[in-house]
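Trainee: So Swiss-Prot has the following annotated:
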type	residues	note
BINDING	H15, D171, G172, K173, K248, F249, D257, R263, K264, A280, K284	ATP binding site
BINDING	D17	Mg(2+) binding site
BINDING	E43	K(+) binding site
BINDING	E56, Q100, D257, K288	L-methionine binding site
REGION	100-110	region 'Flexible loop'
Amino acid sequence: MSQFVFTSESVTEGHPDKICDQISDAVLDALLTQDPHSRVACEAVVNTGLCLITGEVTSTAEVDFINLVRSVIKEIGYKDAQAGGFDANSCAVLVALDKQSPDIAKGVDTAEDHTDDPFDKIGAGDQGIMFGYACNETPELMPLPISLAHRLARQLAKIRHQGTLKYLLPDGKTQVSVIYENNEPIAIDTIVISTQHTSEIDDLSSEADIRERITKDLWEYVVKPATSDLKLQPNQEKTRFLVNPTGKFVVGGPQGDAGLTGRKIIVDTYGGYARHGGGAFSGKDPTKVDRSAAYAARFVAKSIVAAKLAKRVEVQLSYAIGVANPVSILVEAYGSGKMSNQELTKVVKKHFDLRPGAIIEQFNLKNLPSKRSGRFYRDTAAYGHFGRPDLNLPWEKVDEKAKELIALHN
C-alpha cells in the first residue's frame, strides 16, 4: 500500500498574471474575429496603474486596443481604485506591437518537403514539446487536485461578482492537497484560500476578527457549494482549511504584484500532475503549436481514457519549425493501459492527425472567436484550458473518437 499527498493550485481572474492572460487572449479574439488568418503573439504586463501590451501581430483587423484592454480590466472587477487598487478607467495603457518575423511566417506558410495534401503545406510555428494528460479521477477526466482548485477559484469569483460577500476584491488563489492511496484519491487533506478583501468588514476591524469571519464565510459560500456534487467531500473536522495565512490580504492585484502573460502555465494545464513543455497558451494564434498541439495532445489523452484503453495517460508531442508532421509522439500509460505504451503510441499515430493544419481544421481554431460572438480564447485564460464543461471546448469533445477506438481495440 503506497500513500502520498499531491497538491495543485489555481488563481482567480483578478490575479495579476491572469489579468495579463485574459488581456492577451482578448486581443487574439478581437483580431481573429475580423481576420481568421491573423498571426498573433501578444504579451501583456500589468503593474500599479499601468498595462503594456507588446508582441507581434500581422493582421488586416482594426482593433481599438486601448479600449479593449480597459474593458477586460473592468469586467474582471477593477472598476475603480477602491475595487482592488487598480482602476480600468485611469490606468495607463501602452501598445507596442510589431509585425511577425518573415522568417517565422515562411516556416508556417510553406512547410518543408510538403506534398499536395493541404495539411502538409502548413508547418509548425516553432519547435517545441507539448504534453497532454487525462485520467479517470473526475467526470471531465482531469486530476482531482487541479479540478478542485479550479472549482474553488471559480466559486470565489462567482460570489464576488454576485455581491454575496461584499468585502471580496478581485485577487485570489486556491490550493488543494489530496491524499492518494495506490494512486487513487481517498481524502481531501488541505484547502488553502487566499482572497483579497477590504480593510474593514462590517463593524470588524481587528485582523483576527476579520480572518475568522472570512474563514467562516468561505467555507459556507465557497467550499460547500463548490464540492457539493463530489463523491470525495471535504470534512470540516478532518480537512485543514487555511484562509489568508498571513492574516490579511488588502493590497493585491497589480498594485501588490506585477503581472505577466504566461506565468501560470501549470494552473492552465494539469496542476503539476503531468509534465509541461514550457510554452504558454494565451495571446498565441493557432499556428503556434505551444497552444494548438497542447490542445491536440489533451484530445488524444482524453480519447484514450474515455475509450478505457488506459486509466491515465500522458502524451508527448514534439515539432520542428516549418515541418508539418510531429518529430516524435510518445504515450505513457503508467502501467494502467490495456496494451503497452508502444502499442498505444501506434494507435495514436494511426488514428490521430497531429499536423498543425489538421489540428486547426479539426477544432476550427481560427474561426471559434467569430463563431462565438467575438469571444472564445479569453474564456480559457482563467480557470484552466482543460476539463471545462462550461465552455464547450472542441478538444474536450471525445465521445466520437472514443467510440471509434473502442470499436477497433476492445
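Any Cβ shown, glycine's included, is placed from N, Cα and C.
As the structure is a computational prediction, the values presented were derived from the model and not from experiment.
Distances, neighbours, how buried they are, the whole picture for these features please.
Mentor: K264 (ATP binding site) falls outside any helix or strand according to DSSP and counts as coil.
The Cβ of D17 (Mg(2+) binding site) has V11, G259, L260, T261, G262, R263, K264 as same-chain neighbours under 8 Å, each 6 or more residues away in sequence.
Here E43 (K(+) binding site) comes close to C20, S24, I53, T54, G55, L260, T261, G262, G283: these same-chain residues lie at least six apart in sequence, with C-beta atoms under 8 angstroms from its C-beta.
In sequence order, A41, G125, D126, G279 are the residues near K288 (L-methionine binding site), counting only same-chain partners six or more apart with C-beta under 8 A.
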Trainee: Kindly assign K288 (L-methionine binding site) to one of the three DSSP-derived states: helix, strand or coil.
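Mentor: It is coil.
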Trainee: Could you check which of the binding-site residues H15, G172, K248, D257, K284 is the closest Cα neighbour of Q100 (L-methionine binding site)?
Mentor: K284
Trainee: For H15, K248, K264, K284, listed as binding-site residues, tell me which one has the smallest number of other Cβ atoms within 10 Å.
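Mentor: Comparing Cβ neighbour counts within 10 Å for the binding-site residues H15, K248, K264, K284 gives K248.
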Trainee: Which residues, sitting 6 or more apart from E56 (L-methionine binding site) on the same chain, put a CB under 8 Å from its CB?
Mentor: R39, V40, A41, L97, D98, K99, Q100, S101
